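Notes for the one structure printed next.
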Amino acid sequence: MYNDRYLNLTSKGKLLHQKCSPEDDVFVFSKLTYSWFSRLISIGYKKPLERDDLFELNEGDSPYSVCPNFEKQWRKEMQRSTTGLKASYIERMLFKKTSFCKPSLIFPLWQTFKFLLIKVAFLKVTADILAFMGPQIMKALVTLSENHPGSHRSGYGYAIALFFVVLSQTLLHQLYQRNNMLTAVKIKTAVVGLIYKKALTLANSSRRNYTTGEIVNLMSADAQQLMELTVNLNLLWSAPFQILMAVFFLWQELGLSVLAGVAVLLFIIPINALVAAKVKSLKKSQMRYSDQRVKLLSEMLHGIKILKLYAWEPSYQRKVMSIREHEVDVLKSSGYLATYSMLTLTCIPFMVSLATFGVFFHVDEENVLTAAKVFTSISLFNILRLPLFDLPSVISAVAQTKVSLSRLEDFLYAEDLNPEDVNINYSGNHAVGFIGASFRWDKSGLPVLKNLNVSIPEGSLVAVVGQVGSGKSSFLSAILGEMEKLEGTVQRRGSVAYVSQQAWIQNAILQENILFGSNLNRPYYEQVLESCALLPDLEQLPNGDQTEIGERGVNISGGQKQRVSLARAVYSNADLYLLDDPLSAVDIHVGKHLFEKLIGPSGLLKSKTRILVTHNLTLLPQTDLIIVMEEGRISQMGTYQELISKRADFAELTQVFTTENRSEETTLVKVSSSKEECQLGESLPQRELLKHKDPSFDRWRTHSKSKEKVATGGMKMAVVLKYLQAFDWRWVWLTIAAYLGQNALAIGQNLWLSTWTAETAKINDFTEWKQLRNYKLGIYSLLGFIQGLLVCCGAYVLNRGSLSASRALHHQMLDSVLHLPLQHFETNPVGQIINRFTKDLFVVDIRFHYYLRTWLNCTLDVIGTILVILSASPLFVVVVIPLGYLYFTIQRYYIASSRRIRRLAGASHSPVISHFSETLLGGSTIRAFGHQERFIRKNYDVVYENLVYFYNNVISNRWLSVRLEFLGSLMVFFAALFVILAGNTVNSSTVGLSISYALNVIQSLNFWVRKACEIETNAVSIERVCEYAKMDKEEPWIMSKRPPVGWPDRGIVEFINYKAQYRKDLGLALNGVSFQTRSKEKVGIVGRTGAGKSTLTNCLFRVLEGSGGKIIIDGIDISTIGLHDLRGNLNIIPQDPILFSGTLQSNLDPLGKHSDLELWEALELCDLKDFVQSLPKKLLHEISEGGENLRVLVLDAGRILEFDTPHNLLQQQGTFSEMVAEAEITR
């Protein structure tokens, strides 16, 4: 039928041979019926579809062409707004701007996509006109049966005409849907591309106004809102157009009295507008709460280690739950407003027909309702129902989108970094220069760096030193152009490599983190690994440099992160190196190795300009220039010798630093960091290191960062049952009862009209007819009134149930996530969990109950229709059975593929969000290396993958709709044919009833299967929300046995033959460890890499459960009490400093257990009291998002080698004294 086209895409330097969509090359018939897609559907029926089975995007639909085109128009708009030109008149009227002319997204979007939008509008108007042809042909049929009951030939002509009109309307409508969905997603893609690009250029002052969660929300929620509006955009003109057409045809049937119906409509629309306005404000509140909740969750998950070790989970769980309660309250109000919308949808046709028929009788006593009039009118009222229902929802969508548009425009118009702050073209041979330069972080802030004057020669090694908070890191930021320049000049020459204080690691394999987009030059790469002391680490990782690193480097230690970050900088072979204290996170040996082999005068970078922020003053004599920072100023500058000889205070500073450093060094040897560093001293041969392989590294073998799993197979009924259980069964049964009632009453109304017109035709006496009329009209209005009541009841119980489900499922998921063991978070990206709390929870909150409701409504509708047609012509049963069989066959055939595509699409959304979050965190590093374009390209790649699933999903839906609606058209044809065949035996009112129902059923049937599929595919979200409940949890937080108050009071820790392993199939990480500490003594734990030091700590906190022996603290076996009773009574200073947003006080004491006085004492002990007192709000300062009684325990390969006082161990000349000698610690 067609040939596959193939598209060669170059990605990461490889040529990919990919299957292109054949859509543009096929014949018109195949294009209209989507037959070209059938092959994929049949593959999907035989086996679960994989990514390679799907069709690629058409070239014009891919982000590679959509985003640049839109950016061009956006740039024009930015120029226009800065030159003060207003947007078009229509746009000004639609979005009244009172203040200055902020650039508008609408105009560039229109300029980019206008031809597509016009094409979509043209298809819509044609399909709309065809929709009105059906009732006119039915009218002719009814009139024919009234006047010439036996004329079969004309009847057949009308039946065939009806079939073709309905069929062509279907094909055009599906073509409109396809183009509409793909245009909408293009608009979303364009906006997402722009948000991503903007995030890379955002100035720090602007960045501080947005948390990472808020910016991610712009991409996931606001851009999605814009897309949803675009999907419904044509309804803004199409709904009034359909209403006018319906009124025009109704006028022909019922004359002037149709104005009564129009009056009812006009009365309802302003009320709908008020409801829409209220919905808008509720949407705003809901977005605000959702932002807060996601921001808090994101922080909790990134700091989960702290939460677990300090047993803070319940406190933070309560915080999330209280935000969620506010969110649910907003949902409740929205639900009650939705009741009103549902009432209007269900009862509008009834109210309009009641008003119209009532006035029709009163205008002229002679007016009589005939079957032709009644059923043509009812068909037109049915057509009227959808645009009338859609109009208010589109108006409210416009209102909501205005909120989103304004958020997006504010973000896109926020201030950017000024690339001209840093001058890169200047005379002179210095690498970096400041002339009278001052800087601040944000507009309202005070200068952070003041009057800097310095010239750094090319190829020199410069050390920047000073107390905490003196402006050392800001000095590097100023060179990078990350701060706002107030005055003066900054000069910088050549390419830059930057190592930030908090190492930024990508969620990719280790090698990709180091290459950072460059090609692999194997000899140089090996040299970089060796000089960054990474070779021993690679030996220990299961896949060497191909090991995948989790998000934010969760599965490697702080020192390893810092060295990977350093290796990335070195590999880039830049001219200028800015190193922000890279030696602080590594062991002494490693620090020494890095300085000698890399940073120092004889290192790999000796010919480059290096600016090193450091606290290690022992390195200063080897530097070319020293800059001493004090309160944002350069207080001293010169070589080591100059400063020592000239300045007493510098010598004093050195003295202070050296003593601090010395104590730090000894501490570092005594207690190693929580994940082992590689101590690569020259005296420590590599084979020695590799002999002691740390079993904790083997955790990788099963836990290497897992890609999101995609469920396969059919939807388990259990999933829907889970939802219904959370919904609460009493609400379920009440909802079903209410819907059964309202559907039965709707059919009752039409049957009543049918018998009424049939009786009217037989009555000749006018008085009798008048009595009958009043009686029939009275009953008709009573039926409508009861139906309205049932609609309200149905909506109310549905709202109660859906809120109960939202509450229960969110609580269950949050609780399950917080009870997961720490290892889970180290091996799974946080983005995956956040995705559950945003996208999947959105389905629970807003979508799923709507799908269940509409599916139930359609089911009852379809059953009702078939019963009505069967009662009119029992012969219809001959057609219903085969058509029904075909329906279910097509549905089953399609659902396998559709469900799979939707599941794959769900999983493809995570990488888009993860990549974006990662970019936000590493913005300064990406800019420093000048890699913005590469990251924008990578963003296009992940968005492209997501769009491939979307495109295939849209086409699969169209494929299904065309086939189902064809069967629907057949149903209409046969309904018409059978009533014609029945001839005189059937009266005209039955003909009208039967055909008007058949015309209505096409929509219902298509909707019915669609909603069944929606339930199937959205049930995946319920599945994902419930997934965490089934995962293995850590031990209970609180158990029946609880330690006494004040435990532990002596601090005697006893290990008795303790064994621990990371997995059953791995060797022991601790093997028969036995020792006992004395009360209140300090114990240092030492040992080479992989000896089991961190494992020992993990066991104390039961992060790792033991596999033999016991640990007793003050007489209590720690395995017999709950985790919170244990962790809450122990204390630890973790390696990675993590702060949660909130006040300084809430960070120090989240449980609110301590007085202010105690907090000030703690700050004083940590030498932070002066700093905190200098803050305007002190403890309430808002933090934004991110001796003689000392003994030493020496470990090796999970066993204890030595345990004694340092003095005795040094006398013994064993392993400990060797390590002390290597560390060059003076005794």
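Here the Cβ of each residue, glycine as well, is placed from N, Cα and C on the backbone.
Per TrEMBL, the features are as follows:
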type     : residues : note
TRANSMEM : 116-135  : transmembrane segment
DOMAIN   : 120-400  : domain 'ABC transmembrane type-1'
TRANSMEM : 155-172  : transmembrane segment
TRANSMEM : 229-251  : transmembrane segment
TRANSMEM : 257-277  : transmembrane segment
TRANSMEM : 340-361  : transmembrane segment
DOMAIN   : 432-656  : domain 'ABC transporter'
DOMAIN   : 733-1007 : domain 'ABC transmembrane type-1'
TRANSMEM : 777-798  : transmembrane segment
TRANSMEM : 862-890  : transmembrane segment
TRANSMEM : 966-986  : transmembrane segment
For this session: Note the mean pLDDT of the domain 'ABC transporter' (432-656), expressed as a whole number.
Result: 86
Exercise. Sequence-remote contacts (6 or more beyond its ends) of the transmembrane segment (229-251), Cβ cut-off under 8 Å?
Worked result: 117, 120-121, 124-125, 128-129, 131-132, 135-136, 180-181, 183-184, 187-188, 258, 261-262, 265, 356, 376-377, 380-381, 383-384, 386-388, 390-391, 393-394, 397-398, 400-401
Exercise. With an 8 Å cut-off on Cβ pairs and a sequence gap of 6 or more, do the transmembrane segment (777-798) and the transmembrane segment (340-361) reach 3 or more such pairs?
Worked result: yes
Seminar exercise, completed: Given the transmembrane segment (862-890), its same-chain partners at Cβ distance under 8 Å and 6+ residues beyond its ends are 743-744, 746-747, 750-751, 960, 963-964, 967, 970-971, 974-975, 978-979, 981-982, 986, 990-991, 993-994, 997-998, 1000-1001, 1004-1005, 1008-1009
Problem set entry | Contact yes or no, the transmembrane segment (966-986) and the transmembrane segment (257-277), 3+ Cβ pairs under 8 Å, gap 6+ | no
For this session: Using a Cβ-Cβ cut-off of under 8 Å, list the residues of the same chain that are 6+ residues beyond the ends of the transmembrane segment (257-277) and lie near it.
Result: 243, 247, 250-251, 337, 340-341, 344, 348, 351-353, 355-360, 363, 367, 388, 391-392, 395-396, 398-399
